[in-house]
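Here is the structure we will look at, set down as structure tokens.
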Amino acid sequence: MILDNHPFELNSKGHLEIGGVDSINLANKYGTPLYVYDVSIIRENCRSFVDTFKDLGVSAQVAYASKAFSSTAMLQVVKQEGLSLDVVSQGELYTAIQADFPPSKIHMHGNNKSVEELSMAIEYGIGCIVVDNFFEIDLISKLLKKYNKTIDVLIRVTPGIESKTHQYIMTGNEDSKFGFNLHNGQADKAFLQLYNNENIHFKGLHCHIGSQIFEADGFKMATTMLFKKIGEWNKLHDYTPEVLNLGGGFGIRYTKEDTPLPYSSVVKELVAKVKEHASMFDMTIPEIWIEPGRAIAGNAGLTLYTVGSKKDIPGVRSYVSVDGGMTDNLRPALYQAKYEGVLANKAAQPVTDLVSVAGKCCESGDMLIWDLPVPEIGSNDILAVFSTGAYGYSMASHYNRFPNAAVVFVENGQDKLVVRRESFHDVVKNDLSYE
Ligand SMILES: *Cc1c(COP(=O)(O)O)cnc(C)c1O
């Protein structure tokens with residue numbers, strides 16, 4: 001049963017229920033396609049990280065990587081749960097400010113931060129900039145002089161570990177657009193520039209090894225690599241980092257093939273590894289920061305679509321088309337991401353058919369799910385696609401001039417619209433006439 005893989009239930013009508021509300025009522029009330037989040041699951045996800053660090057008694061910051069899903073309401077929930085926040089652009093920072101997120105808990109990432117972005121970050125006095133390259137060190141130094149301010153920074157390094165779908169490989173010379181190479185002297189050079197800069201407070205190291213990581217091995221390997229470098233800097237410059245940021249990438253369940261360990265177990269293992277290394281190098285344990293994105297928002301959200309046309313190709317397959325597609329969920333087209341779904345209005349009925357779910361964009365690649373088992377399916381059925389809470393809305397586009405879908409939050413049996421559906425007026429609002 002597909003629902004076994006996802007944190008939702010059926011109600012007495014046999015309809016899919018979200019946060020105590022009938023999904024069919026939501027589809028009728030707000031229209032489709034519709035992103036729906038169960039806010040209690042967002043909170044649960046936040047707490048599974050925050051509480052584990054608390055229980056272990058280690059200082060930590062859990063920063064939500066807001067690129068996964070950023071909206072004012074989402075950031076308000078994350079703020080209520082006491083998380084910090086990662087942003088990578090002025091738009092994401094602006095959203096955080098709209099949500100009244102404490103600037104001191106905001107961290108800025110990016111491999112090409114502009115003068116405008118850095119200026120905005122410095123003016124708001126955000127908590128930390130994660131420095132990515134030499135060009136940026138120059139820019140930050142100049143801006144800090146101009147503003148006569150100081151700022152905390154971490155240095156982003158590439159430890160040369162790649163997670164190739166759950167097997168980790170070491171590459172001595174990692175090929176990445178992000179961060180300073182740990183092995184070829186670049187990280188050392190950057191360290192000296194930052195460490196000796198009077199306007200910069202050099203707080204520690206950051207790395208991010210990948211996404212959809214299901215267990216602790218990769219994080220532990222990264223910890224070992226980072227401490228090797230920290231040990232060198234400690235010996236040469238008497239440097240002890242205040243912060244070790246191990247990035248995000250904690251995996252979620254899209255389909256039954258995905259089997260992430262509970263976040264509490266992963267966090268416990270990585271904390272143990274950090275403690276082990278700190279004591280090995282005779283250092284105080286640094287504050288541990290992590291940056292989950294998908295793991296906070298992903299399984300809390302689903303998308304409701306209305307089924308339209310059906311095309312049977314005898315002996316080949318049956319296509320059913322829905323009223324959304326790659327414009328609201330780019331991941332299948334972008335990297336063959338797999339999803340599961342149910343007919344929300346027939347979720348209790350026995351499965352009889354096998355269909356492939358197509359989006360309505362003019363792209364053959366616009367397929368949402370291949371070979372989905374469903375009950376007898378027809379137009380006006382409501383299809384729910386699970387685990388679309390991360391990198392769905394945030395990657396939405398206006399291809400084919402589809403207005404962006406609405407977002408609804410549900411909690412304790414109450415539903416609330418938190419992002420309006422775009423109108424056709426919105427679609428043309430930036431167009432200027434040429435006659
Ligand atoms: C994307 C990203 C994250 C979040 O990744 P998830 O897989 O969503 O957890 C965290 N940190 C950095 C630096 C990232 O680029």
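Here the Cβ of each residue, glycine as well, is placed from N, Cα and C on the backbone.
No curator has checked TrEMBL annotations; they are predicted automatically.
A quick note: this is a predicted structure, and the numbers were derived from the prediction, not measured.
TrEMBL lists 34-389 with the feature domain 'Orn/DAP/Arg decarboxylase 2 C-terminal'. Mean pLDDT, taken over the domain 'Orn/DAP/Arg decarboxylase 2 C-terminal' (34-389), works out to 95 on the 0 to 100 scale.
Residues or ranges marked as domain 'Orn/DAP/Arg decarboxylase 2 N-terminal' in TrEMBL: 42-297.
Annotation note: LYS67 (N6-(pyridoxal phosphate)lysine) sits in a helical segment as assigned by DSSP. Residues near LYS67 (N6-(pyridoxal phosphate)lysine) in space but far in sequence (CB under 8 A, at least 6 apart, same chain), listed by position: ASP86, VAL88, GLU92, GLY293, TYR391, SER394. TrEMBL lists LYS67 with the feature N6-(pyridoxal phosphate)lysine.
Annotation source TrEMBL lists pyridoxal 5'-phosphate binding site at GLY249, GLU291, PRO292, GLY293, ARG294, TYR391. Within 10 Å of the C-beta of PRO292 (pyridoxal 5'-phosphate binding site) we count 28 further C-beta atoms, all protein chains included.
TrEMBL lists ARG294, ARG331, TYR335, GLU363, TYR391 with the feature substrate binding site. In the three-state DSSP scheme, ARG294 (pyridoxal 5'-phosphate binding site) falls into the helix class. When other Cβ atoms within 10 Å of the Cβ of ARG294 (pyridoxal 5'-phosphate binding site) are tallied across all protein chains shown, the result is 25.
TrEMBL lists CYS362 with the feature active site, proton donor. A C-beta separation below 8 Å, combined with a sequence spacing of at least six in one chain, links CYS362 (active site, proton donor) to ASN400.
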Worksheet item: Of GLU291, GLU363, which of the binding-site residues has the most Cβ neighbours inside 10 Å?
Response: GLU291
Item to complete: Ten-angstrom check, please: count other Cβ atoms within 10 Å of the Cβ of ARG331 (substrate binding site), all chains counted.
Response: 19
Worksheet item: Neighbourhood of the pyridoxal 5'-phosphate site (GLY249, GLU291, PRO292, GLY293, ARG294, TYR391): other residues with Cβ within 8 Å of the Cβ centroid, in order?
Response: ALA65, ALA68, SER211, GLY248, PHE250, ALA295, ILE296, GLY298, ALA390
Discussion item. According to DSSP, does GLY249 (pyridoxal 5'-phosphate binding site) sit in a helix, a strand, or coil?
Written reply: coil
